[in-house]
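Student: Take a look at this one; I'll ask things after.
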Amino acid sequence: MSATTDSRPLSVPRPERATPADRPERAAASTPRLPATVGRPLLAVFRREFASYFATPLAATFLVIFLFLTGAFTFQLGGLYERGQADLRPFFGYLPWLYLFLVPAIAMRLWAEERRIGTVELLVTLPVRLSDLVLGKFLAAWAFACVALALTFPLWMTVSYLGDPDHGVILASYLGAALMAGSFLAVGSCLSALSKNQVVAFVVCVVVCLGLLLSGFPLVLGFLSGWAPEFVVDSVAGLSLLTHFEALQRGVVDLRDVLYFLAVMAGALFLNVLVLDWKKAD
Amino acid sequence: MTAIGAPRTSSSSTHQRVRAAVVVPREFTNRPVFNRSAPMDTILDARGLRKRFGPILAVDGIDLTVAPGEVVGFLGPNGAGKSTTMKLVTGFLEPDAGSVSICGHDLRRAPLLAKRQLGYLPEGAPGYPDMTVREFLRFLADVRGLSGGALRERMDTVVEAVHLESVMHQSIETLSKGFRRRVGIAQALLHDPRLLILDEPTDGLDPNQKHEVRELVRSLAADKAVVLSTHILE
C-alpha cells in the first residue's frame with residue numbers, strides 16, 4: 001500500500017475505538033451490519049440465470065432440438081429397436097457428439113452476453129466475489145443441461161417396457177452424461193469470458209471440447225506418438241473425456257472417473273475467474 | 001474503452017486536464033467540493049490513481065476526496081477520463097497505481113465491505129433486457145442481501161423517487177432510454193448506499209427529467225456523497 005494509508009487510523013497502535021477500517025474482511029464482516037449473506041449472492045445469481053433461460057426462447061428451442069436429435073440418433077442411427085437389446089447404448093453412444101455442439105450453445109452466452117450488454121460492470125461492482133458469480137452462473141447452466149437430460153426419460157421407459165434393462169448401467173450412464181455436460185459447460189463458460197462475441201466463443205468452445213473428447217483417439221495419439229515420449233502420450237490419452245465417459249457407461253461408478261470430471265470442471269472454473277478478472281473491462 | 005478519446009502521452013498535461021475536469025456544476029450544490037485534508041469521516045478517498053490502456057494514459061495521478069453531504073461533478077469532453085476514473089473508484093478497473101477507499105475500507109484489501117457502501121450507475125445504464133424492472137431490482141436487492149420489510153420499504157422508496165411505478169412490469173428491453181436510465185439510478189439507490197457514483201445520470205433524459213434527477217441528488221441525505229459526470233455543459 002502507498003504511504004498515505006500509513007497515517008490512517010489503522011496504523012495508530014491499539015486505537016480506543018476500533019474502526020472497521022482496513023481490518024481483515026472476516027473480522028469486520030462479523031459485525032452485524034447486514035444479515036448473514038453467505039451463499040446468498042451465489043443463489044441469487046443462480047436463480048436469475050436459470051430463470052433467464054426460460055424467459056427467452058432459448059430454453060424452448062434448446063429442449064426441442066435436443067430431444068428431437070436424441071430421438072433421431074437413438075432410433076434412426078442407433079437402431080434401438082433393430083438391435084433387439086434392452087439398453088440405452090445407442091443413446092449414450094451418440095450423446096457426446098450431440099453435446100459437442102449443443103452444450104457450447106448454452107455456454108457461449110454465459111459471459112460474452114454479460115460483457116456485450118455491459119451488465120458485467122454491475123455484477124463486478126456488487127459486493128460479491130467473482131468466484132460466486134462464476135459458480136452461480138455455471139450451476140444454473142448445468143442445472144438447465146440436467147433438465148434437458150432428464151427429459152430424455154421416455155427412452156428409459158421405452159426400454160424398460162420392451163425388456164429388462166440393467167438399471168444400474170443406465171443410471172451410471174446418466175451420471176456420466178451429466179458430468180460430461182458439466183465439463184463442457186465449465187470449459188465453455190471460461191472461453192465465453194474471453195470474448196464479447198458469442199460466435200467466437202461458440203466456435204472456440206466446440207474445438208476445445210472436441211480436443212478434450214478425442215484426446216484418447218488415434219487421431220490425436222497418432223499425431224503425438226511419432227515424436228512425443230511415451231508418458232506424454234499416456235497422459236494425453238488419460239485426459240480423454242470419452243474414455244472416462246465410456247468407463248461410466250459400463251455401469252461401474254469408479255471414483256477416479258467422477259473425480260476426473262470434477263477436476264476438469266474445477267480447473268475450468270478456476271481459469272474462468274482469472275479470465276473474467278483479466279478481461280472484464282475490455 | 002468508451003471514455004478514452006484522443007491519445008495523451010504527456011503526463012503532466014493529462015494531470016492538469018483531468019483535474020480541471022473535476023468541477024462542480026453550480027446547480028448541484030453550493031457546498032465546497034474539494035477537501036484535500038481528508039478528514040476522518042471521508043466517504044471516498046482516492047489517491048494517486050493512474051490507469052494506462054496501451055499507449056493511452058487515461059488517468060494520471062488523480063486524488064479525490066469526498067466527504068458526507070458533498071456532490072462532486074466530473075465535467076469534461078468525451079475522452080477526458082471521467083468514466084475511467086469512475087471505473088477505478090468503483091473497483092471495476094484495477095488502477096495501475098494508487099488506492100481507493102470507501103468509508104474507510106480499502107477497495108483492494110476489503111472489496112466486499114467497500115462495495116457494500118457503493119451504489120453505481122455504469123455508463124449507458126446496462127440491464128438485462130429480458131427481465132422486468134421489478135425482477136431486475138429484486139435480483140440486485142437479493143444479491144445485496146435485502147429482504148422482507150426492508151426490501152419492500154426500499155423498493156417503494158426508490159420506485160417513487162425515480163417514478164418507475166408505470167413500468168414495473170415491463171421488460172427492460174421495451175423501455176425508452178430515459179426510463180432505462182432511471183432504472184439504473186433506482187438500482188444504485190436501492191440499498192441506501194453512502195457513496196453514489198453516477199456516470200452520466202441525465203444522459204437521454206428530457207429537460208423535466210433532468211431537473212428531477214438533479215432535485216433527487218440534491219435531496220439525498222446529508223451523510224451521503226455523490227460523484228456524477230456529464231459531458232454536456234448545461
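Cβ atoms are placed via backbone N, Cα and C, with glycine included.
TrEMBL does not curate its annotations; it predicts them automatically.
Per TrEMBL, the features are:
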- A:14-26: compositional bias 'Basic and acidic residues' (COMPBIAS)
- A:91-225: domain 'ABC-2 type transporter transmembrane' (DOMAIN)
- A:1-31: region 'Disordered' (REGION)
- A:50-74: transmembrane segment (TRANSMEM)
- A:94-112: transmembrane segment (TRANSMEM)
- A:133-156: transmembrane segment (TRANSMEM)
- A:168-187: transmembrane segment (TRANSMEM)
- A:199-224: transmembrane segment (TRANSMEM)
- A:258-276: transmembrane segment (TRANSMEM)
Student: By Cβ distance under 8 Å, which residues at least 6 away from the ends of the transmembrane segment (A:94-112) in the same chain are close to it?
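Tutor: For the transmembrane segment (A:94-112), the list is 49, 58, 62, 65-66, 69-70, 73-74, 77-78, 120, 137-138, 141, 144-145, 177, 180-181, 184-185, 187-189, 191-193, 195-202, 205-206, 209-210, 213, 241-242, 245, 272, 276.
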Student: To the transmembrane segment (A:168-187), which of A:50-74, A:133-156, A:199-224, A:258-276 is linked by the most Cβ pairs under 8 Å?
Tutor: A:258-276
Student: What are the DSSP helix, strand and coil residue counts for the domain 'ABC-2 type transporter transmembrane' (A:91-225)?
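Tutor: DSSP classes over the domain 'ABC-2 type transporter transmembrane' (A:91-225) add up to 114 helix, 0 strand, 21 coil.
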Student: So if I exclude everything within five residues of the ends of the transmembrane segment (A:199-224), which remaining residues of that chain have a CB under 8 angstroms from its CBs? That is, six or more out.
Tutor: 96, 99-101, 103-105, 107-109, 112, 183-184, 187-188, 191-192, 232-233, 236-243, 264
Student: Within the same chain, where does the transmembrane segment (A:50-74) have neighbours whose Cβ lies under 8 angstroms from its own Cβ atoms, ignoring anything closer than 6 residues to its ends? I mean 6 or more beyond.
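Tutor: For the transmembrane segment (A:50-74), the nonlocal Cβ contacts are 80, 88, 90-91, 94-95, 98, 102, 105-106, 109, 140, 143-144, 147-148, 151-152, 155.
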